[in-house]
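Trainee: This is the structure I have questions about; it appears just below.
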Amino acid sequence: MSAPVAIPGLDTTVTDHARLRAWVADMAALTTPDEVVWCDGSDEEWRRLTDQLVESGTLVRLNEERKPNSFWARTDPSDVARVEERTYICSESEEDAGPTNNWMAPAQMKNIMTQLYRGCMRGRTMYVIPFCMGPLNAEKPMFGVEITDSAYVVASMRIMARMGSEVLTAMGDDADFVPAMHSIGAPLEPGQADVEWPCSQTKYISHFPETREIWSYGSGYGGNSLLGKKCYSLRIGSAMGRDEGWMAEHMLILRLTSPQGKVYHVTGAFPSACGKTNLAMLEPTIPGWKVETLGDDIAWMRFGEDGRLYAVNPEYGLFGVAPGTDYKTNPNAMRTIAQGNSLFTNVALTDDGDIWWEGMGEPPAHLIDWKGQDWTPESGELSSHPNSRFCTPIKQCPILADSYDDPRGVPIDAILFGGRRATTIPLVSQSRDWNHGVFQGATLSSETTAAAVGKVGVVRRDPMAMLPFIGYHGGDYFRHWIEMGKGKDGSGETDKLPAIFYVNWFRRGEDGGFLWPGFGENSRVLKWVVERLEGTADAEETPIGYVPTPDSLDVDGLDLTAEQLAAALAVNPAEWRQELPLITEWFEKFGAKLPGVLWAELDALKARLSAE
Ligand code: GDP
Ligand code: PGA
Ligand code: MN
Ligand code: MN
């Protein structure tokens, strides 16, 4: 395919990496851009690209005093979230993609997408972005190279991943890397004017787990276009982890220090828009406790020499849900974005060149909304899309843990699974043991949110909050979790494993409101978790696990009645019996690949519930 083409910039690279050069040349020959640019990640490059994006109308520069070096972007109204229906796992055998993924044979998908890619960068620039997920000084740095025809993607990747010249140099001439191909799918004919948010109505987000490749087409939205994030770090990463004995999970990572100065590390897997970013940056409301942030979306977990499970955040930025974020709910996110150097997508613009979204205090009298229209509080519409996002450097987070850059990661003491459920699931419960915890994760359910295209508020199973991200057969994924529970190299040192808890900040009372105040008050739940680890907190053994006794949860100074607390913690056997057929139906989807251990857990749950 690499017929010689004279494309400016194609050969100006400083790299001797033959496989990389050949791939870039092939993709340039296929997509025929006007020019190829190898991204160096410099400040000068950022300035050039953001200036150009302001010129083309994709970005609006914000008020320097309020949000220095920051920009406002509005997408096409059809390009606002991940497109799960258009996301494919293209393993050789359909069986390997499992029942939770869309599948197409790799050759067939490559055929379709090669037709789409042919000439698709006409009139545009092809950018080549060398990046590394996780620290560059890791024992085995996890390299990737993204090709894209979107300057917005380059600017966003500079925030979200370690990228540029330093990475390219570290790759040398033969390092392994994940090729990640992206096009917005909007070629420009000579003289054709560009639109502010070019994209295509045809979208494919394709993953080839066996060859560790990513091909994305048609969308500029972060989850579909910043390929280091969901595509590499979760979908391809999970397949790598299965093969190599580690885990790629949709988890926040935080460091917690108790008033006695004891340090703990907690990860939490909650579905998209269910509270990861908020918990990761939490400001405790109880005296003497401290939280520091390590990651808000993705954790890579490996066994350390000591047999404990260590987590690393592969990302370099925060890509957070904007609505609901303010100084009351997530002050540390506000302090992070206040430093600038950020991109805001599909939020509203104020008259003085700042940003606003629902939940950020009183609405201003006038805004430009995410669709570019005039907005007033009387408009009766949301000013910001529910999945609007801030994209900001994690290094600006004022409570970033100093261990963030440690390539060995941090040792995990507790794993939280959580979902958004109006009923049934108590505020917190502790699993009986690892396998029961895996059962809790495998049956996790949550109401759908605006983070993916589709209906919002529908309860669906979202195993380990990974439903959209498992890069292989879900039954094999559960088996991998069970195997990890046997300890490093199957040592059986299960006392070194994290304890597993299941949380729900979103249970509702009879008045329809949330029973639990959430946000900073979730520190009370973290305290109970730590006290369980230390063996000092009481719990009631219920059919679904260990639930705090009303006295064991610190609610000092909280405006919460005993009835509300009891309702938040309640385990109602009748509600749980309704879950049983749903869990059975869910497990049946995985056929013979569902580990027998999980059927046994379901039987045991049934038995405990019928004894109630
Ligand atoms: P993520 O997408 O999992 O990182 O979730 P975020 O932390 O961005 O939160 C998603 C939405 O849930 C935001 O609108 C938050 O304001 C809201 N949220 C987060 N934590 C809580 C909580 O503890 N209680 C309630 N009621 N809402 C929360
Ligand atoms: P979230 O990340 O989990 O913070 O919502 C984006 C996503 O999962 O699409
Ligand atoms: Mn996510
Ligand atoms: Mn988040």
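Here the Cβ of each residue, glycine as well, is placed from N, Cα and C on the backbone.
Pulled from TrEMBL, these are the listed features:
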| type | residues | note |
| --- | --- | --- |
| ACT_SITE | Cys274 | active site |
| BINDING | Lys230, His250, Asp297 | Mn(2+) binding site |
| BINDING | Ala273, Cys274, Gly275, Lys276, Thr277, Asn278, Arg389, Arg420, Phe519, Gly520, Glu521, Asn522 | GTP binding site |
| DOMAIN | 23-242 | domain 'Phosphoenolpyruvate carboxykinase GTP-utilising N-terminal' |
| DOMAIN | 246-608 | domain 'Phosphoenolpyruvate carboxykinase C-terminal P-loop' |
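So where do these features actually land, and what's packed around them?
Mentor: In the three-state DSSP reading, Cys274 (active site) counts as coil. For Cys274 (active site), the number of other Cβ atoms no farther than 10 Å from its own Cβ, over all displayed protein chains, is 26.
Counting every protein chain shown, the Cβ of Lys230 (Mn(2+) binding site) has 26 other Cβ atoms within 10 Å.
Counting every protein chain shown, the number of other Cβ atoms lying within 10 Å of the Cβ of Glu521 (GTP binding site) is 18.
As a whole-number mean, the pLDDT of the domain 'Phosphoenolpyruvate carboxykinase GTP-utilising N-terminal' (23-242) in this prediction is 98.
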Trainee: What recorded positions in Ala273, Cys274, Gly275, Phe519, Glu521 place CB under 6 Å from ligand 3?
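Mentor: Qualifying residues: none.
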Trainee: Taking the binding-site residues Ala273, Gly275, Asp297, Arg389, which residues show a Cβ-atom distance to ligand 4 below 6 Å?
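Mentor: Once distances to ligand 4 are taken from each Cβ, Asp297 fall under 6 Å.
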Trainee: When the Cα-Cα distance from Phe519 (GTP binding site) is computed for each of the recorded positions Lys230, Cys274, Asp297, which gives the smallest value?
Mentor: Cys274
Trainee: In angstrom units, rounded to an integer, how far apart are the Cα atoms of His250 (Mn(2+) binding site) and Thr277 (GTP binding site)?
Mentor: 11
Trainee: Through the lens of DSSP with three states only, how would you label Lys230 (Mn(2+) binding site)?
Mentor: helix
Trainee: For the recorded Mn(2+) site, whose residues are Lys230, His250, Asp297, find every other residue on that chain with a C-beta no more than 8 angstroms from the centre of their C-beta atoms, and list them by sequence position.
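Mentor: Nearby residues not in the site list: Lys229, Ser233, Leu234, Ser272, Ile298, Phe469.
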Trainee: Among Lys230, His250, Ala273, Cys274, Gly275, Thr277, which recorded positions lie by ligand 1, judged by Cβ under 6 Å to any atom?
Mentor: Ala273, Cys274, Gly275, Thr277
Trainee: About how far apart, in whole Å, are the alpha carbons (Cα) of Cys274 (active site) and Asp297 (Mn(2+) binding site)?
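Mentor: So the Cα of Asp297 (Mn(2+) binding site) lies 11 Å away from that of Cys274 (active site).
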Trainee: Listed binding-site residues are Ala273, Gly275, Asp297, Glu521; which sit with C-beta under 6 angstroms of ligand 2?
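Mentor: Close enough to ligand 2 are Ala273, Asp297.
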